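What follows is a set of notes on a single structure, which appears directly below.
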């Protein structure tokens, strides 16, 4: 061979793997270090805009089926935002203390639809009266369902379960909490591709390319890409609407593409303060309550994964099980508040807002508390809030493509704690992720064809108790991974290291790592009265 002689051996440092990190580096502002006030306010407003998508999407799907019109839909959205603001403040002050936005939960939608379709409401001819009766039935079921989250969280039961969670079994849970929401991503973009696709492209340019091309303005493009791109694409959508581009298109296209078809601005009052039992006294049905309790349990499991992702993107240490239990308890109180006020929905950690922490590299608690202030403010000033809530949903779907991907990637990042050369690790990860995708796909396909789930007995509540959890991708994945990880060769010392269990040992108790005090201790010296273990 020309030149003779072998190639020089590679340098030693080139062979070193990347070091494992307890905390995520390169975060600009971590959980306890807030940005300057002007920047924090804009970032808080950005979080408010991002969480509007779910807050509008869920009531827009449910309220018309309940018999409500635009006025009821606008009021339910306002109520959902108002309660979300209160819950976010409670969670950041007294719950996990993480910068987690508490919003609506998609898991609760299925049992709510089941209540809407219940025989006792089908004979009601007046749409408004049907809406009120259905809402009261949903409120009653959610009041009962909230108790499972409150009891599991505050009693310490969930804390004891989470202690057996290793990095290996956390991977499928967190990954599918993000990747499992793929149905809300590009399929939503495609409902109005001329608006959704430009939003994805602009987000990629503003957040990933421009910061490296224009170094002077790097933090601006990095952190505020959501506001820039939504403003540009929303204006573009307005121009398309005003120019008559959708004049002769199908009704569905007009609903998704036009900026004046949501009905929210016309239906929203100028000022409205939501209050408990505004729709009347709740009604209770044992079967519906059981079904909703199972949905609340699934929401609890999904939120556990998102809480862990938030702790990572806030550059905090792994959340101690006792703090996680405290957060789940406050999530239950949030579900109870939502039931009192009448949101027709439960409470869960907003996955999209957790993804926004990653995009901006800002995991500050104060920013999320400011966003809660925006939620409450704009929910009371109905018309102003409705203007932002009328942003076409394909724009939000485009954002989800990025935010949900970040959460899925966060789950995969916990593989750094595991031995990826172990066949045991490969089997548990592969099988749990595959079943987490495959089982819900079967349940969802069956439902879309038959109109009901695979479990179809005379008791609708029993059907929901089985069909709802097995339609949740993160729930199925973590159920499989948790059982396998805690039963296959569990007592083998080498396996303990393979599954990464030893990496989280110091975080299983609140007091064994000094950083827990900094990130998770309660304010106002409340740790004296409510000690974490």
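Using the three backbone atoms N, Cα and C, a Cβ is placed for every residue, glycine included.
Note that the coordinates shown come from a computational prediction; the quantities given were computed from them, not determined experimentally.
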Q. If you check TrEMBL, which stretch out of 100-119, 120-139 is marked transmembrane segment?
A. 100-119
Q. If you check TrEMBL, which stretch out of 5-24, 25-44, 45-64 is marked transmembrane segment?
A. 45-64
Q: Match it up for me: which of 367-389, 505-527 does TrEMBL list as transmembrane segment?
A: 367-389
**Q.** Cβ-Cβ under 8 Å with the transmembrane segment (164-184): same-chain residues at least 6 beyond its ends
**A.** 106, 301-302, 304-306, 308-309, 351, 355, 397, 400, 404-412, 414-415, 417-418, 425, 428-429, 432-433, 436-437, 440, 472-474, 477-478, 480-482, 485-486, 498-501, 503-504
Q: May I ask you to check whether the transmembrane segment (45-64) and the transmembrane segment (196-214) make contact, with contact taken as at least three Cβ pairs under 8 Å and only pairs 6 or more apart in sequence counted?
A: no
Q. Under an 8 Å Cβ to Cβ limit, what residues of the same chain, 6 or more beyond the ends of the transmembrane segment (395-415), are close to it?
A. 50, 52-53, 56-57, 167-168, 170-179, 181-182, 184-189, 191, 195-197, 199-200, 203-204, 207, 226, 230, 233-234, 237, 305-306, 309, 312-313, 351-356, 358-359, 429, 500
Q: Give me the stretch from 140-158, 196-214, 367-389, 470-488 with the greatest number of Cβ pairs under 8 Å to the transmembrane segment (76-94).
A: 367-389
Q: Grab the same-chain neighbours of the transmembrane segment (196-214) for me: Cβ-Cβ under 8 Å, and only residues 6 or more beyond its ends, written as numbers and ranges.
A: 188-190, 221-222, 225-226, 228-230, 232-233, 236, 359, 394-395, 397-399, 401-402
Q | Distant-in-sequence neighbours of the transmembrane segment (367-389), which means Cβ under 8 A and at least six residues beyond its ends | A | 29, 34-35, 40-41, 43-49, 51-52, 55-56, 74, 77-79, 81-82, 84-86, 88-89, 92-93, 99-101, 262, 264-265, 267-274, 353
